[in-house]
Amino acid sequence: MTTRTHVNYEVKGDVAVVRINDPNSKVNTLSIQMQKEMTEVMNEVWENNAINSAVLISSKPGCFIAGADINMIQGCKTPEEVTKLSQEGQKMFEQIEKSPKPIVAAINGSCLGGGLEFAIACQYRVATKSNKTVLGTPEVMLGLLPGAGGTQRLPKMVGLPSAFDMMLTGRNIRADKAKKMRLVDQLVDPLGPGLKSPEERTIEYLEEVAIECAKGIANKKISLRKEKGTMQKIQDYVMSFPFVRNQIYKTVQGKVMKQSKGLYPAPLKIIECVKTGVEQGPVAGYLAESQNFGQLAKTSESAALIGLYHGQVACKKNRFGTPEREVNTLAILGAGLMGAGIAQVSVDKGVHTILKDTTVEGLARGEQQVYKGLNDKTKKKSITSFERDSILSNLTGQLEYKGFEKADMVIEAVFEDINIKHKVIKEVEAVIPPHCIFASNTSALPIKDIAAASKRPEKVIGMHYFSPVDKMQLLEIITTDKTSKDTTASAVAVGLKQGKVIIVVGDGPGFYTTRCLAPMLAEAVRLLQEGVDPKKLDALTTGFGFPVGLATLADEVGIDVAAHVAEDLGKAFGSRFGGGNVEVLKTMVDLGFKGRKSGKGCYVYQPGTKVRDVNPDIGDILEKYKLTPNPSVSSDSEVQYRLVSRFVNEAVMCLQEGILNNPLEGDIGAVFGLGFPPCLGGPFRFVDSFGADKLVNKMRQYEAVYGNHFAPCQLLLDHAKDSSKKFHK
Amino acid sequence: MLNISINFAVTFLATENRMASMLMNPIRSCSVSSSWAVRFGARSLSTTAQLQSQVQTKSKKTLARPGVKNIVLVEGVRTPFLLSGTTYADLMPHDLARAALQGLLKRTGIPKDAVDYIIYGTVIQEVKTSNVAREAALGAGFSDKIPAHTVTMACISSNQAMTSSVGLIAAGQCDAVVAGGVEFMSDVPIRHSRKMRKTMLSLNKAKTLGQRLSLIGSIRLAHLSPELPAVAEFSTAETMGHSADRLAAAFGVSRVEQDEFALRSHTLAKKAQDEGLLQDVISFKVPGRDIVSKDNGIRPSSMDQMAKLKPAFVKPHGTVTAANSSFLTDGASAVLVMSEEKALAMGYKPKAYLRDFVYVSQDPKDQLLLGPTYATPKVLERAGLSMSDIDVFEFHEAFAGQIMANLKAMDSDWFAQTYMGRKSKVGTPAMEKFNLWGGSLSLGHPFGATGCRLATTVANRLKKEGGQYGLIAACAAGGQGHAMVIEAYPQ
């Protein structure tokens with residue numbers, strides 16, 4: 001017998017306990033080696049007459065099987081190769097499904113993608129009710145579909161609506177929910193300390209329970225025919241009518257088209273596979289699944305999404321090493337939207353957080369925001385009210401600098417005015433200990449200007465969070481040439497603890513993200529002046545793949561902030577940032593149209609209703625600054641490229657100037673911070689796939705009409721000249 | 001018996017939770033205990049004097065310390081512990097507490113104004129008598145000049161009452177204190193929903209008919225659904241039985257081990273009852289009913305019968321059942337605690353010294369019921385004793401699985417080092433010294449009253465068995481625990 005490294009088994013009584021453990025990784029993936037050994041082991045189990053049933057379990061705490069090996073899929077040259085991989089997977093799971101000896105999947109930790117498809121091919125599933133146990137089919141988020149029988153088995157198991165929901169959103173399902181959905185058959189509670197560590201003993205306990213289940217199924221004490229609830233029966237009955245099913249396909253298709261604007265092929269293919277399987281039977285269904293899987297794997301969308309996945313993983317690591325001291329006490333200045341948001345994502349990680357404001361009203365509002373953020377989680381039952389209260393005990397709200405002598409880091413989120421920032425930095429430096437880091441959550445002011453007031457510029461850094469802080473994943477960290485490496489390492493460590501995806505960029509006006517956004521916003525203002533309605537502007541940008549339309553985005557960010565930034569960056573970068581007239585924004589601010597926060601911006605916001613109308617009063621302003629559009633560059637498509645090319649050009653320029661360390665962080669920052677279309681994978685991947693030369697040609701065309709706002713930067717020109725140059729290899 | 005156990009299971013399911021108690025026992029014990037029983041039988045024939053002289057000679061210095069006041073347990077009594085919903089069903093908590101107090105008065109003959117203070121422990125409070133100590137004391141005929149207060153600390157509430165008394169005496173504030181505990185599960189406060197309460201409270205303040213009508217009109221069907229007393233640990237929302245099942249699983253305690261321990265508890269309790277050893281039990285004439293003079297939850301069953309029960313909390317693979325858990329109980333207890341000087345001056349012969357005690361607390365989620373494991377080594381250390389010095393163990397038996405888990409934890413160096421920051425394990429109590437007259441599993445567990453029962457039982461057993469040191473330990477909701485060393489009073 002050859003030695004196996006990934007899959008092994010032992011026989012306990014008449015039950016084979018099959019253990020999976022990839023020795024080279026923290027998680028188990030269905031790699032070629034894993035599949036090969038699994039097949040060998042299962043054949044031995046089936047051949048062995050002393051074995052009547054089997055339990056499939058992972059030896060890794062926190063991971064059952066996290067999915068298929070992405071590199072294996074990416075390694076394939078053609079769709080046909082990928083299709084073949086899919087068919088091999090289908091075949092293996094078909095054998096599992098038809099196993100004459102019952103197989104119980106014992107799930108602890110992530111059971112995702114191919115892992116879930118494996119589990120649902122088994123006869124029975126037992127899962128630990130732990131927070132780490134999640135089930136799901138995240139393939140769609142990588143532009144793929146569940147290609148090993150998932151599109152065929154899931155609808156049978158959980159019903160069409162739930163199956164669509166799982167496969168189209170890719171969301172993680174916790175164990176207790178999975179039980180309710182009948183995705184798992186039995187739950188096992190995680191155990192506390194005993195004679196072994198809780199993790200170790202919990203896996204043992206899971207195995208013991210699973211073995212009992214396997215025995216029970218083998219000797220028919222446990223029935224595999226599940227009692228269906230009344231609702232389930234009604235649902236099944238309703239689903240037996242073809243017109244009902246057709247209605248579902250239609251509704252789901254409509255929803256997908258509405259949300260994806262048809263820019264993402266995977267969801268549509270998922271619907272197609274499910275439909276084929278349900279309406280034409282398994283043979284056609286499995287075939288459709290494997291073929292579509294092959295096709296999807298080779299789409300640019302999938303490549304973009306997988307690129308983002310890898311990028312995200314890379315940006316969750318601290319490339320600056322471990323900081324000398326951990327930040328245990330964090331002080332935040334300013335309890336506004338940002339300050340309170342930062343506090344919220346810090347307290348729930350166990351960081352003692354001081355939230356300081358200058359007024360009682362401001363402080364109360366900020367503390368209420370943190371409370372509400374956590375209380376919403378209790379309403380969703382992701383934490384208990386007790387946990388909420390105990391998390392909040394990490395928060396100290398105050399008006400004075402008391403306790404700052406213990407702070408390891410101070411993040412200021414005060415008003416964006418360099419004089420106020422200077423005042424604050426001086427006040428803070430008078431009370432903090434020498435090791436304490438001073439971070440500024442500015443979105444546009446250069447950090448070196450802020451650090452000019454500091455006695456210890458090596459301890460000053462920028463930490464640019466995005467609003468709303470608890471929802472937006474990105475954190476842009478800005479270092480000056482004086483910022484020490486340990487300061488950077490510490491800021492990254494704090495951000496990672498807060499659950500952020502982090503890019504670290506160089507200093508300069510607008511850093512990376514704000515700087516990319518500004519020219520696009522300038523172009524948007526010009527479009528408004530040219531008579532494009534805000535709704536039309538939103539439609540054009542979302543139609544290109546931005547999750548939020550530009551007019552809406554401006555309202556969310558705040559028209560005042562946008563005006564401020566446009567003016568500052570306009571001064572710093574000159575005419576390249578021109579286009580729209582800043583006065584449009586300024587006039588709006590003067591009239592109180594500051595965006596959502598003031599109730600009026602591009603749109604009118606009324607509490608309690610989601611329907612928004614265009615603010616009728618901006619018509620007059622736009623009339624005043626009206627421009628005549630040039631028809632040669634004003635088609636819908638040209639308008640989209642006018643917006644995007646300015647964004648992309650500025651991003652490439654940031655790389656050229658060394659603001660960005662690498663294209664990967666540029667892509668992550670644009671997608672996670674600014675909503676650059678994920679299907680394009682970020683500005684740099686977009687240049688690669690769209691073609692730098694094509695983009696340059698377009699820009700030249702616009703440049704002829706509008707001037708140097710559209711002048712392509714040198715790096716972009718280099719790439720245009722040499723088509724072998726790519727940002728991503 | 002089958003019928004009974006089904007009823008039992010139902011009652012248990014309907015209400016159990018959030019109370020806790022505890023107990024300990026290690027190893028499967030039936031055979032051990034039977035051989036022990038023989039020995040014990042033999043012993044009880046011999047004269048007390050003989051026994052005591054034997055024991056006294058082989059031991060053991062007293063735990064008295066210079067500068068520390070000697071505090072004694074003069075006497076302890078309790079009402080019979082009854083399954084809730086039985087003979088006590090129509091009483092109120094203070095009725096039970098009053099019965100215990102009257103029993104103590106009768107047993108000790110102490111003048112009704114000779115007590116300085118009265119403290120009672122209780123867990124589920126009757127809102128009408130929230131200071132149940134005071135209501136019971138007044139009704140029992142104690143002088144109305146004696147202050148009384150009520151404490152709550154889950155299943156160690158009456159331990160807290162006793163140690164508070166010790167504190168008062170040690171501080172020189174009092175010389176004679178009555179401590180006790182009461183729990184009445186036949187009736188628990190069931191409230192209107194919060195919304196309904198809010199409406200009703202607003203109704204009080206409504207001035208006009210119109211306001212009243214609009215408030216009444218705002219009542220919806222959902223407002224009428226009642227709010228039962230929380231059945232779960234507040235901080236974790238987990239019921240105690242569920243936690244006990246997980247604890248048993250964490251320590252690898254099997255169903256058979258649990259059932260065996262539960263059977264041992266019932267068997268020993270039956271024997272103690274039959275032999276008249278449970279002398280702390282007083283007779284109680286229940287108004288409108290007969291005189292009650294015996295605990296009614298003691299039911300030795302068989303392993304086969306017990307094996308038939310389904311798990312009560314963790315389904316379908318759990319191991320904690322109605323039969324190996326303590327049941328919902330009504331009952332009250334009382335003890336008279338005095339300074340030694342005062343007791344002797346009043347002509348009493350105390351039963352025992354109350355010596356060192358500790359309270360501990362730990363994670364209420366995963367270590368909810370491990371109080372004895374944490375408390376035992378600490379209290380032994382304080383007293384300068386080791387496990388083998390102890391002659392009598394009385395541990396609160398909340399669940400058989402919880403006792404077994406504690407015994408395994410106390411026997412694990414790894415656990416002591418990893419979770420308790422100790423160099424090594426404390427070791428397990430010898431089973432032939434452990435809960436020999438039954439425990440909470442069989443006698444019953446009125447949450448607030450169990451602590452005094454444990455202390456009185458230790459005192460009575462020390463006397464009966466001729467030992468010198470006794471140890472009580474208990475777990476409680478909230479992840480808390482308690483242990484106390486009790487020393488026999490020289491004869």
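Using N, Cα and C of the backbone, Cβ positions are placed for all residues, glycine too.
TrEMBL: automatically predicted annotations, no manual curation.
According to TrEMBL:
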type	residues	note
ACT_SITE	A:GLU476	active site, for hydroxyacyl-coenzyme A dehydrogenase activity
DOMAIN	A:330-507	domain '3-hydroxyacyl-CoA dehydrogenase NAD binding'
DOMAIN	A:510-605	domain '3-hydroxyacyl-CoA dehydrogenase C-terminal'
SITE	A:GLU117	site 'Important for long-chain enoyl-CoA hydratase activity'
SITE	A:GLU139	site 'Important for long-chain enoyl-CoA hydratase activity'
SITE	A:HIS464	site 'Important for hydroxyacyl-coenzyme A dehydrogenase activity'
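Here the features listed in TrEMBL are painted onto the structure.
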| residue | record | contacts (Cβ under 8 Å, 6+ apart) |
| --- | --- | --- |
| A:GLU117 | site 'Important for long-chain enoyl-CoA hydratase activity' | A:GLY89, A:PHE93, A:THR137, A:PRO146, A:ALA148, A:GLY149, A:GLY150, A:ARG153 |
| A:GLU139 | site 'Important for long-chain enoyl-CoA hydratase activity' | A:GLY67, A:GLY113, A:LEU145, A:PRO146, A:GLY147, A:GLY150, A:MET167, A:GLY170, A:ALA266 |
| A:HIS464 | site 'Important for hydroxyacyl-coenzyme A dehydrogenase activity' | A:ASN441, A:THR442, A:SER443, A:LEU475, A:GLU476, A:ILE477, A:ILE478, A:PHE511, A:THR513, A:THR514 |
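Counting Cβ atoms from all protein chains shown, A:GLU476 (active site, for hydroxyacyl-coenzyme A dehydrogenase activity) has 26 others lying within 10 Å of its own Cβ.
In this structure, A:GLU117 (site 'Important for long-chain enoyl-CoA hydratase activity') is part of a helix by DSSP. Mean per-residue pLDDT, taken over the domain '3-hydroxyacyl-CoA dehydrogenase NAD binding' (A:330-507), amounts to 95. DSSP labels the residues of the domain '3-hydroxyacyl-CoA dehydrogenase C-terminal' (A:510-605) in these numbers: 67 helix, 4 strand, 25 coil. Under the three-state DSSP scheme, A:GLU139 (site 'Important for long-chain enoyl-CoA hydratase activity') falls in the helix class.
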